[in-house]
Amino acid sequence: MNRIRKFFRGSGRVLAFIFVASVIWLLFDMAALRLSFSEINTRVIKEDIVRRERIGFRVQPDQGKIFYSSIKEMKPPLRGHGKGAWGKENVRKTEESVLKVEVDLDQTQRERKMQNALGRGKVVPLWHPAHLQTLPVTPNKQKTDGRGTKPEASSHQGTPKQTTAQGAPKTSFIAAKGTQVVKISVHMGRVSLKQEPRKSHSPSSDTSKLAAERDLNVTISLSTDRPKQRSQAVANERAHPASTAVPKSGEAMALNKTKTQSKEVNANKHKANTSLPFPKFTVNSNRLRKQSINETPLGSLSKDDGARGAHGKKLNFSESHLVIITKEEEQKADPKEVSNSKTKTIFPKVLGKSQSKHISRNRSEMSSSSLAPHRVPLSQTNHALTGGLEPAKINITAKAPSTEYNQSHIKALLPEDSGTHQVLRIDVTLSPRDPKAPGQFGRPVVVPHGKEKEAERRWKEGNFNVYLSDLIPVDRAIEDTRPAGCAEQLVHNNLPTTSVIMCFVDEVWSTLLRSVHSVINRSPPHLIKEILLVDDFSTKDYLKDNLDKYMSQFPKVRILRLKERHGLIRARLAGAQNATGDVLTFLDSHVECNVGWLEPLLERVYLSRKKVACPVIEVINDKDMSYMTVDNFQRGIFVWPMNFGWRTIPPDVIAKNRIKETDTIRCPVMAGGLFSIDKSYFFELGTYDPGLDVWGGENMELSFKVWMCGGEIEIIPCSRVGHIFRNDNPYSFPKDRMKTVERNLVRVAEVWLDEYKELFYGHGDHLIDQGLDVGNLTQQRELRKKLKCKSFKWYLENVFPDLRAPIVRASGVLINVALGKCISIENTTVILEDCDGSKELQQFNYTWLRLIKCGEWCIAPIPDKGAVRLHPCDNRNKGLKWLHKSTSVFHPELVNHIVFENNQQLLCLEGNFSQKILKVAACDPVKPYQKWKFEKYYEA
């Protein structure tokens, strides 16, 4: 111990302290150096990982684990391999760390993608350059919203293009013989699913041959909005990045219809991924198994809902005297299946709770590509359609033909609750469209050389180019003319069903068929209760047995035949009385419904049963049959004497109220030919006035009735229907056409215009002079009282305030220009005296019926005596009518005179101040005592 102590005496203590400090310093230095090395290694690893992520480099420690997406991206090892400042050991450790990170990344991606591959091992890219023909836009018009491209613009892109949902390109599909091509897109909130099955075929198959042999062309878009699950869906999007296995919009998938592959589909039934919050769908399995597509030239609808009454009972058409039952109708009551191996049917199997969930990772994928996919086996195609999540299994088999359309295929995708989905974009045909056919895509058609005389001769058949109409396919495609944003609008899942009512008489065959096909092809089948064709006693032979036979292929189409000519109004009433749908949708028989036309109409009626929804009526040119769009900001109006017309909303009003193209427009008067109305509300209003004859004025009557009795009329810009506008009506009238229309208008005026009916008569004075027999109005006036309808003045102030509707043409004191004196009443005579605007006996009105009246008394001439007297007012008494400010056409020099019109010689009102009396004398344009003016004048 003493020996040790001596080392710490004197200088020894210093040496010991230095030694200990050196050891401690060395330890800290070594630790710092180790930390520095570790930090450098970590930084290098991170930089290498980032660099390799950018260049697509993947280290492949095991060639058996090579993933397809990295084969073409193989790179040499890192530069400086085997070298470095830390020696071989540090380099080896660094490389092992990098390899471990890369292996983990590859393993994670492989697991994620193999999970989506339904256990089939090999993963095949889902997009591939395709040879699909895109729909063209109207000539000389380039669409910029992505809904259409020029015919020459074929899709040969190498990568799918991201677009918005509304910009999904319209694509025609090609399939091998015996293959049904189905394109179904499902949107749920912010996520989407595209299903487009195609039959597999060899790479050497001829595309043109496939186009000629395809059987079915179906385009269906479906989207549902699930607000409660939106946040969970977003979280899952972040947790599961989009995989290349998700198909893009516009892609078509091929499904082989073999027994082995059908078993493969069923074998994977239990593999549905339930990690994402999907809505649950339920459907009647027995009903679904029975439904199929009837192989007909162009399409069919379900018979189940075709002709049932409100209590689910089949409607016996023979019970109505308005209906003639054909043999085809009786046969449809008990359809029999006929064996036909060529007939294909498509129907979904039962949707299990976990299998009925449709979703994809991003809404933009819904319409991101117009490419056809590579040929894929059934199992991988099924994976592609679901993105690894199995929805309802699609079973494709060969069955006997049926007359039922698979409406539940769409309906099953909609939740049964009161949620919402995006408007369905449906365009269904059972035979392929020829893109080179005349008039295809709404293009104009030119009469072939040498056929001009025939076309001119046939013009009279329909007062439009019937020759060209017969050349155009009855199911031609037309451009989607809806404003941008309509495709994303939400509608409720539980919309009411509708009965579409078309009345016709001697309609052109091709035009009538095109109208029916446009409804069938572009309407959600679960919303169409029936299509009622009301034949108003047509005389054309082709509209009898031939029409019955043709329409027998569509179970939801019913033909009601009137036994005598009743006219459009009563024909529509017959259709309404036989309709079984919740909503009545009236259409003309020369229309073409555009995509997405029906749901926006039914949505407005669903929101309020007192709303009457009208589509935007676009133009089908009567000369070249081209489909032309119209201004989005138009509304129906009328001018006196109740002449219907269209008026564009002024730009300053649009800017001030920030009206968008997709906003509904309040419509004072509807055109009357195309609209949807709740059936029960229609009958509550008393339907059309049954006293109206044939055609004309019914749109005015129903418009006034709806607005004044608590309803609303709206134009829905997202619903578009083309209509052939003709310069003349080709249909015959039992009586004189003009008198029939005028009689109807007089009947409407007498019931609904109140005191403003004088304004109506003032613009058509001959109407009151003719003394038209308008029939008994008691029932209609009692109906107005029962409904507690508002006045026509309320209508003008609240619905149509921009209509000029002064009750009188002029009012106030009536001044003699030369004398400066005013007409006044003294006792029972008419005199001149000093003007006094506050004196009631000097206040005169010049009415629209050309009476000069003060209260109930009117100024009347006594031509024989040249005097003037007072007479009780009578609108029909021609001896009380004067012309003032309205003689400019015939006698412009007498424009400031007051002229008695009912006399062979023109007599004018003249003042005589000396005697304070009035008289009538021969008109003299330069005589100042015959010039008069009212205090105020009004225009209408």
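Numbering starts at 1 and runs along the chain as displayed.
From the backbone N, Cα and C atoms, a Cβ is placed for every residue, glycine too.
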Write down the single range among 259-281, 282-304, 351-373, 443-465 that appears in Swiss-Prot as region 'Disordered'.
351-373
With Asp588, His590 listed by Swiss-Prot as Mn(2+)-binding, which of these, His421, His723, His763, is given for the same site?
His723
Look up Asn521, Asn827 in Swiss-Prot and give me whichever carries the note N-linked glycosylation site.
Asn827
Residue among Cys835, Cys854 that, according to Swiss-Prot, closes a disulfide with Cys822:
Cys835
Between Cys667, Cys718, Cys789, which residue forms the disulfide that Swiss-Prot gives for Cys709?
Cys789
Just confirming the record: what cysteine out of Cys667, Cys718, Cys854, Cys858 does Swiss-Prot connect to Cys486 via a disulfide?
Cys718
Spatial neighbours, same chain, of Cys822 (disulfide bond) - Cβ under 8 Å, 6+ residues apart:
Val813, Leu814, Ile815, Asn816, Leu832, Glu833, Asp834, Cys835, Asp836, Gln842
Cβ neighbours within the same chain of Cys873 (disulfide bond) - under 8 Å, at least six residues apart:
Leu851, Lys853, Glu856, Trp857, Cys858, Leu880
Surrounding CB atoms that lie within 10 Å of the CB of Cys923 (disulfide bond), all protein chains:
21
What is the interatomic distance between the Cα atoms of Cys789 (disulfide bond) and Cys923 (disulfide bond), given in whole Å?
48
Measuring Cα to Cα, how many Å separate Cys709 (disulfide bond) from Cys908 (disulfide bond)?
46
Just to be sure I understand the packing, how many Cβ atoms besides its own are within 10 Å of the Cβ of Cys908 (disulfide bond)?
24
